[in-house]
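First comes the structure, then the notes that go with it.
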Amino acid sequence: MRRVTATQALLGGIVAGGAITALVAASTLWLNRPDLLPDAGSHWYRWQRPGRSTTVMVGAWTLYALHQVGFWALIRYGQQRVGRYTPGLHRVNVLALAWNGFFVAVHYVQTQAGYDGLAQDVPIWTSQWSVIVLLVWVLLMEEDRRGLFFGRTVPTPGGKATRDWARKYHGYYFAWAAVYTFWFHPMETTTGHLVGFLYMFLILVQGSLFLTRAHVDRRWTVVLEVLVLFHGFLVALNSPKQLWFQFGWGFATIFVVTQMHGLGWPRWAKWTTGLAYVLSVCAVVAWFGTDRLTELPRVPVAEYAAVFVLAGLFAAGLAIARAARVNAHR
């Protein structure tokens, strides 16, 4: 039998993610949704039972823990026993795809049976910030390849050693962010949930393809980064505060300033994209007013500032670890 390449597995994972998302959407016809409490604002997560069920939550936490620890174990095995990038799948990649696929199915059944995700026990910001840090981490570890501002690199705390560490160990954090966020939410059928779950499915596929060429395909990784633009835009569009410009065009700013410069595009393509971005901003401002401009810098300024904060935390942690090793050998 001809060996399946990582790229073929990736394409299959994308199709499977779309099919599962469609199944979740269809489940609105039979989902046993509880009577939800009224929306209480941005710090309140609405999609949970009004009353906590200990049985349901013990089940949710147990399933999350099994999913999480198993995925971490597979990543560690890959780093220790495989350690090289290839065009084809390693056996551990097949196991990781099967493991994540199994728990996607389990979570679907768990939502139908008990509904609640981890949100019943933990605040919504834990899920939000897990993904925010993931996005910032990508900006940091990709800086040596594509720069941070218009293709240019800038000094970050700890220098290249810190960025190398971020690249080496990113898989463990990314696996936590994906699995934790995946189990935080019930498999609901709102537009925001569907786009978010599709994004999580693709992140889990990406995480399962570690140590393959597909995992580091720069076009694919940028697609994953940009998908958060559409998720943020759609969620904001359906929220009372209507911050769709802040999130949609804020993440578009990061694409124009940073992400597109790692794609190997010719100069004319970059200028065309930049011009389209500027014209779209002008169109929004002309239609909705100049007050919208105050929203534009919020996401990019926060993310770029967070890059330096995250690098500083890594650098401090590495310095403490080095000092501890020196003291231990005295």
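These residue numbers are counts, starting from 1, taken along the chain as shown.
Each Cβ is built from the backbone N, Cα and C atoms, and glycine gets one as well.
As recorded in TrEMBL:
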type: TRANSMEM; residues: 9-31; note: transmembrane segment
type: TRANSMEM; residues: 51-74; note: transmembrane segment
type: TRANSMEM; residues: 94-110; note: transmembrane segment
type: TRANSMEM; residues: 122-140; note: transmembrane segment
type: TRANSMEM; residues: 169-186; note: transmembrane segment
type: TRANSMEM; residues: 192-212; note: transmembrane segment
type: TRANSMEM; residues: 219-237; note: transmembrane segment
type: TRANSMEM; residues: 243-264; note: transmembrane segment
type: TRANSMEM; residues: 271-289; note: transmembrane segment
type: TRANSMEM; residues: 301-321; note: transmembrane segment
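Counted over residue pairs separated by six or more positions, the transmembrane segment (192-212) shares fewer than 3 Cβ pairs under 8 angstroms with the transmembrane segment (301-321), which leaves the two as not touching. With Cβ pairs under 8 Å as the measure, the transmembrane segment (94-110) is packed most heavily against 51-74, out of 9-31, 51-74, 122-140, 219-237. At the 8 Å Cβ cutoff, the transmembrane segment (169-186) and the transmembrane segment (51-74) share at least 3 close pairs (sequence separation 6 or more) and count as touching. Between the transmembrane segment (122-140) and the transmembrane segment (9-31) there are fewer than 3 Cβ pairs closer than 8 Å, counting only residues 6 or more apart in sequence, so the two stretches are not in contact. Beyond its flanks by at least six residues, the transmembrane segment (9-31) meets 89, 93, 97, 101, 104, 108, 111-112, 187-189, 193-194, 197-198, 201-202, 205-206, 208-209, 212, 214, 217, 220 of its own chain at Cβ-Cβ distances under 8 Å.
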